[in-house]
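S.K.: Quick one: the structure is below, and I'll ask about it shortly.
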């Protein structure tokens, strides 16, 4: 068993056990699921759900004035301004963007020196801003006059009163962590701990206090012990109530004069106005609510047609609750994780949850209600989940793989969507497996057995349903036709064989193909590819940055690389998405970063300088506020009870400030405990993975950014998905026996459907069958009409058996066998030599030597030993493994003794040798005269003298030789047996009396196939011709015997009187050249006759007048098997291994499939599938409507053609001394029955299913009569 098969079996077993758990304890599981839903939706109670994202509108700074409050001043005039751009904004936001670095960097500096000194300069900047005064001709303006004055915080924010300003200007900076007191900052030994002390204990929310005070996202700030880029970024946020252009201009000029940025190219041209809609908008919820209402109605009206469901409303409501709960859980978890949507792509997330959730509901419902209805509820739930386990896990793994690939493209839009999708998939899978499955088990449990029988329509009790393409005239006949007394009616599993309405067909089509999920996955892949291709700061930038950072070249080896500003910006604020600036510190190979210092490292006395990093500015720095959560500004104003719903704010152009600090300032600002603390990690980590470090010197709680854990978890999941992907590719690209010298080691392989394993092993039983003995050689032809069974061996002996009791009713002697019944293995050897000596040609003297055409070996004649003596080497028995069966003490009526010699005397060889001499003489006469001599008394008289069936227990009769030829084909209908011989003779025998009724005496080409249908006989001959006969029965008043030679016209053939009825056989039509080569397959049904030949063609004839309707061409080899039924569905198989389905009404080919590696040996169809077997010892089951291969069953060697269909959902196959029963719908091995110890070494060569639920197995010269086990009758 391969790794994939073991994994599939484990998954199936896990789902089976989970189904048993859900069905056994439904109430506790529903309560547990409800608590989980409430817990995941708890964040929604505190954090209101957003409607849509904020809307932006830009205006130029030059000549800006607030719009008038009267919205009617421009009515009737076309304008590009939005409707909400009316009146003054709530506030004007002015950000002073500070970039600071310590340069040049010394090796004795610590990691904490990267941000301690730059943060200390924030206090000086705040003082400069507060002290700025505008003096002009109109007077003086200070900050207190133009800024937004705030009052108290909300009562629930007492912890933030020492951090946020009250009763003054709304001015925010990182200094607020220390109440804008430099002494507090200087005395703080744990800066990072102070910054993160107000962070939530679980995960960061969308707008944290750190983001509010720093004004930039946390990963862009550079305040981290593990960042490689020694640059700190933060903003000082000023909130103005009125727009004063002169004051703002003077403030910008003063700050840029005090802290110039020589390489800054930021544009100060536009104001950006941001409008915030209502957080809960009814208009935005209408489409989503409408979608769920439509979902409820669709599921309800669809489940009204499912009779296996008790409560239609309950199932529809459960489906809607499942999908809605999945959405709420997803949004709640995303809110808890801080994953708030900032792009329009996040708004389609609820609708994706609806689509995926609906499809999973349909899949689970279809799988569970398709299980057998007579099983216990928990077993039905377990089987339903187990059957879809592999499909569910495969789809989930595929979706997660696509999401992981999209996440690691490092495109922000794709990452946000992927994070939303991961949460949605996990929550949806959780609810499907727990909530909906449990509710479905409760609903099915309420379905009473009486209620089930009452709801089932009468068509469900029929053995077969209406297949696709059946003419309307057969539908009524099938519905009212009662079952015959000897036909077992097997109840089909659930309702899968019923005529489904269109709405259920749509549901099952979606559930079977998972079309919606596949389209979503394909669309996601295309969308990710487009964004990766068009995003300038995505994966390519990140890879280029990694190559630049990890370059082993020493300092000064390469100069700055000129990069276009539009493609790769010189300094992106995100360390993970940026390249080092041209002057970034490049260390030699033997030099470590400051983060690589070991614990308790002592700074070196000697200082080695490296090139100072140059602070650069790029276009992305102009709108860094866009990377903040869209709740950033509403959260800040909500703290002061100011709402931004249906209002807007205006963002002024950023004021850039660059700070360069020398190492001496960094050393002076260092805390005494910094040198004694292990601040640096043992190894450097990529930028952006770590944003926080240990809390303090005391070894307290470590504040790690959740990004590391997310990346680690996603990386592990990506590795698992990659391994599974490689396994799937191995399974698809490599054959089953890849790397193995032979076939599978097991006796039989299960089906390949995921529903094959239900967690239990199929039972194996052993029964003692009825053994039908009496043939001297291997049985070649079998025929039955339900009550009688006729068999014929290679010796030409025909036996008629009672299919109910197994008794031998009649033995029809072959007219003149050349050997005694004691021949055994000697005659097998003799037959082989005779076949070789005949050269494959049938002669009247040797009628038993010509088997059917496809089995006749050809070869040179044996060398003669003496010139005038016959060759007696054929009498030597070299088969020492075959022993003569001992005579039973009390022979049973149904068992015939194999030998007629007595125990007193030895074996008499005289007759055997004498026959060989006689055969030599007869052969010489045959070669000279080309006409056989008279064999003695006429055959009808011999049959009449022999009488009817011989007495039970009497030895076999010795028959005289004849020129009739060996039997090549055999058919049975009623009490008449039609025999086709190699000499071309057609015989009709009475199966009860054992007498010859009539025959066609004209010597012609051998009859290779027969059809006996409604008193019409069609004989296919070796030369490719067809003969159509009709039988007539006349009641004669006196025994009469007719003599004469039959003619080929309309005159009757010579009938032979039998009992009181005379059967006459008339040749009505002849098709002399139906095919160019021998006809190998012949079938008739629904008034049509189909022939298959070695000339690669099939022909369709009308049975009543032998008119050729169609010539079907589609095979590249000889036709080996043909199937046709009353629904005008025709299937054919050939030596090319192909299977073709044809429409008999139009003569067109419906499908063509290469099914086997070799000849197709047998072919049959049910209402839903096509079953084929081949010389490769595989039985393949195909979907009849689509032509898709469902699964395969590997047979034992030599048992490939031994199969039979008991009903539309039950298949029987033969093996080494056993028969196996399979469920056709799923490929499950239901039961294996061993036929006693005597048959273990014998393969079942042929299986014939009788109408009385009996199975006839051909084990060489013996037949075994087996009845369908009662266990299977109950299962069906």
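Every residue, even glycine, has its Cβ placed from backbone N, Cα and C.
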S.K.: If I go by Swiss-Prot, the feature transmembrane segment sits on one of 19-39, 40-60. Which?
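M.R.: Going through 19-39, 40-60 one by one, Swiss-Prot flags 19-39 as transmembrane segment.
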S.K.: Using the annotation in Swiss-Prot, determine whether residue 312 and residue 445 are placed on a common side of the membrane.
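M.R.: Both on the same face of the membrane, per the record.
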S.K.: Just to confirm what the record says: which one of 641, 879 has N-linked glycosylation site annotated in Swiss-Prot?
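M.R.: Looking at Swiss-Prot, the N-linked glycosylation site feature maps to 641.
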S.K.: Please identify the range among 235-255, 256-276, 424-444, 445-465 that Swiss-Prot labels transmembrane segment.
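M.R.: Transmembrane segment, as annotated by Swiss-Prot, spans 424-444.
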S.K.: Name the residue range among 519-539, 540-560, 561-581 that Swiss-Prot annotates as transmembrane segment.
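M.R.: Range annotated as transmembrane segment by Swiss-Prot: 519-539.
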S.K.: How about the transmembrane segment (19-39) with the transmembrane segment (424-444) - do they touch, taking at least 3 C-beta pairs under 8 Å (6 or more apart in sequence) as contact?
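M.R.: Since 3 or more Cβ pairs under 8 Å link them, the transmembrane segment (19-39) and the transmembrane segment (424-444) do come into contact.
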S.K.: Compute the average pLDDT of the predicted model within the topological domain 'Cytoplasmic' (301-312).
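M.R.: Across the residues of the topological domain 'Cytoplasmic' (301-312) the model's pLDDT averages 65 on the 0 to 100 scale.
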S.K.: Using DSSP, what's the helix, strand and coil tally for the repeat 'WD 5' (1114-1152)?
M.R.: 0 helix, 23 strand, 16 coil
S.K.: Apart from its near flanks, which chain residues at least 6 from the ends of the repeat 'WD 4' (1074-1111) lie with a Cβ under 8 angstroms of it?
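M.R.: Sequence-remote neighbours of the repeat 'WD 4' (1074-1111) are 853-854, 1008-1011, 1013, 1016, 1018, 1020-1026, 1028, 1068, 1117-1128, 1130, 1132, 1134, 1142, 1144, 1147.
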